[in-house]
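Copied over from TrEMBL:
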- B:180: active site, proton donor/acceptor (ACT_SITE)
- B:23, B:26, B:118: Zn(2+) binding site (BINDING)
- B:65, B:180, B:290: N-acetyl-L-aspartate binding site (BINDING)
- B:72, B:73, B:166, B:167, B:168, B:169, B:170: substrate binding site (BINDING)
- B:13-208: domain 'Succinylglutamate desuccinylase/Aspartoacylase catalytic' (DOMAIN)
- B:221-301: domain 'AstE/AspA barrel-sandwich hybrid' (DOMAIN)
């Protein structure tokens with residue numbers, strides 16, 4: 001593959017507290033603000049607490065999930081008295097860091113999240129972007145404290161409902177809890193990202209190579225009572241905490257409250273976001289993904 | 001007061017309640033109680049009326065710990081004797097209602113036993129919470145449960161501390177029993193945690209049935225962890241936390257913490273060490289709900305309590 005070149009990445013935003021009860025991002029941002037890390041070498045860093053009201057009450061959101069408010073439609077909708085706080089906030093953030101898909105937008109936006117699922121460190125992408133995938137490759141080869149994986153979401157960038165170029169999702173961590181091991185991992189990933197940007201901006205070439213990624217194919221809901229809609233089973237102990245481990249037909253999937261095992265039927269796929277707290281209301285017990293290999297070209301900064 | 005050698009005679013435990021949803025986001029109890037409200041066969045025992053009950057339905061609806069104030073701190077004498085009215089916080093009103101149904105607290109009409117089901121984000125495993133070192137019925141029950149689930153473990157936390165003790169939902173009963181199982185995130189239902197709680201309750205109800213049938217439980221020794229003090233996070237002048245539970249302490253509930261051991265880690269990686277005068281046994285390490293209560297963990301010391309022999313009257 002031919003070497004791909006990109007403009008320097010001079011403006012990066014690090015966001016935390018997009019969900020007000022996912023503690024790691026909030027504290028990474030606060031620590032970066034305390035250390036006054038707004039300009040390091042060739043990179044200017046903007047740090048943002050995305051949903052301060054939700055952070056204040058330690059809830060995922062106050063009226064609507066902020067991380068679903070960045071669609072074109074919501075970003076351009078007129079603001080009235082009844083507009084939910086998070087829709088307003090999305091427009092503010094878009095003005096501060098965007099506008100989305102314009103020339104004025106920051107070059108890279110990293111949004112820090114936690115999950116209650118046992119996913120270790122997972123970078124979430126919205127498109128096959130060579131630059132961010134190289135960052136992923138760099139983080140993966142430099143971090144040994146936990147597995148680092150890539151998740152590719154399939155909606156086109158303009159319709160992406162969320163904030164980021166890349167989300168850094170770390171788990172497992174309960175809502176409202178700040179674990180030192182998880183914090184240290186996330187901070188390390190952010191530090192490696194900034195390090196990579198310096199190297200890139202100063203002319204390093206990052207060699208071609210292959211990376212593995214997961215792409216979500218479908219989601220599975222909990223078994224529910226048809227009249228009350230209440231869940232009637234929980235993730236089976238053999239599936240619980242086994243994110244990314246291949247799930248095959250016949251494998252235990254759910255354990256009902258009356259003791260029956262519900263087995264998986266379908267093609268061999270990799271489960272993830274297993275038993276994520278916020279997904280009960282979205283009717284998702286876990287996602288299923290297939291593993292793909294992406295070949296990256298070597299990349300370097302465009303020289304004038 | 002009875003000596004080691006005499007048998008304590010106690011009334012049969014005829015009325016038993018199982019509380020779930022005292023904290024609306026602690027899912028094992030919510031799920032179990034809802035299950036048993038629909039079909040209580042599993043919790044029936046001869047000679048016992050067992051009532052499953054959701055204590056904080058509004059909090060359960062919101063999947064939040066509480067709506068206005070923590071229900072599990074609301075059963076104070078002041079709250080329970082205050083005039084009822086809509087201007088009270090929701091949980092105070094609720095405490096008064098619950099006291100009416102299962103109490104009154106301190107009276108002969110109060111329920112005999114209340115099990116209050118809780119989860120924690122701390123790595124505490126199965127924990128039984130005892131409010132009085134002189135409750136021989138509860139001590140015998142806890143001894144029975146521990147033996148029944150062996151080799152799995154179930155530890156006993158004794159909170160009799162005059163300042164740190166609080167007015168729990170279960171405190172209405174003559175014999176209050178807290179069940180705390182973790183680690184489980186708030187809002188999440190884990191199968192292993194759910195089943196563990198279910199098994200403990202099964203044994204607890206078996207004990208009550210045996211006692212009511214006339215079985216005598218000989219004197220025994222029960223190891224407990226007695227609450228000593230609450231340790232808060234280091235904070236700045238604005239009250240923001242400036243360090244996290246140290247990775248060496250995180251998840252190490254019930255393991256000895258010695259003076260000089262790592263306790264907290266600052267955001268830039270420095271270690272803050274435990275400065276106590278002796279070894280303690282920390283628990284409730286990094287419980288989500290306790291950040292606002294200024295508690296990173298509690299310290300305990302190990303004690304052996306002697307439970308008198310008991311038999312029904």
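Heads up, the Cβ atoms here are built off N, Cα and C, so glycines get one too.
Neighbours of residue B:65 (N-acetyl-L-aspartate binding site) among the binding-site residues B:23, B:26, B:167, B:168, B:170, defined as a Cα within 10 Å of its Cα, are B:23, B:26. Summarised by DSSP class, the composition of the domain 'AstE/AspA barrel-sandwich hybrid' (B:221-301) is 3 helix, 34 strand, 44 coil. One way to see the shell of the Zn(2+) site is to take the Cβ centroid of B:23, B:26, B:118; the remaining same-chain residues with a Cβ within 8 Å of it are B:21, B:22, B:25, B:29, B:65, B:72, B:117, B:119, B:120, B:180. The record gives B:72, B:73, B:166, B:167, B:168, B:169, B:170 for substrate. Within 8 Å of the mean position of their Cβ atoms, the other Cβ atoms in that chain belong to B:22, B:70, B:71, B:74, B:75, B:116, B:171.
For residue B:72 (substrate binding site), the nearest neighbour among the listed recorded positions (B:23, B:26, B:180, B:290), judged by C-alpha distance, is B:23. Closest to residue B:118 (Zn(2+) binding site) by Cα-Cα distance, out of the binding-site residues B:73, B:166, B:167, B:169, is B:169.
Compute the center of the Cβ atoms of B:65, B:180, B:290, which mark the site for N-acetyl-L-aspartate; besides them, the chain residues with Cβ within 8 Å of that center are B:23, B:26, B:118, B:120, B:121, B:284, B:287, B:288, B:289. Comparing residue B:167 (substrate binding site) with residue B:23 (Zn(2+) binding site), their Cα atoms are 14 Å apart once rounded. Between residue B:180 (active site, proton donor/acceptor) and residue B:26 (Zn(2+) binding site), the C-alpha separation comes to 10 Å. Nearest by CA distance to residue B:168 (substrate binding site), out of the binding-site residues B:23, B:26, B:290, is B:23. Each of the binding-site residues B:73, B:118 was scored by the other Cβ atoms within 10 Å of its Cβ; the lowest score goes to B:73. As a whole number, the greatest separation of Cα atoms within the substrate-binding residue list B:72, B:73, B:166, B:167, B:168, B:169, B:170 is 11 Å.
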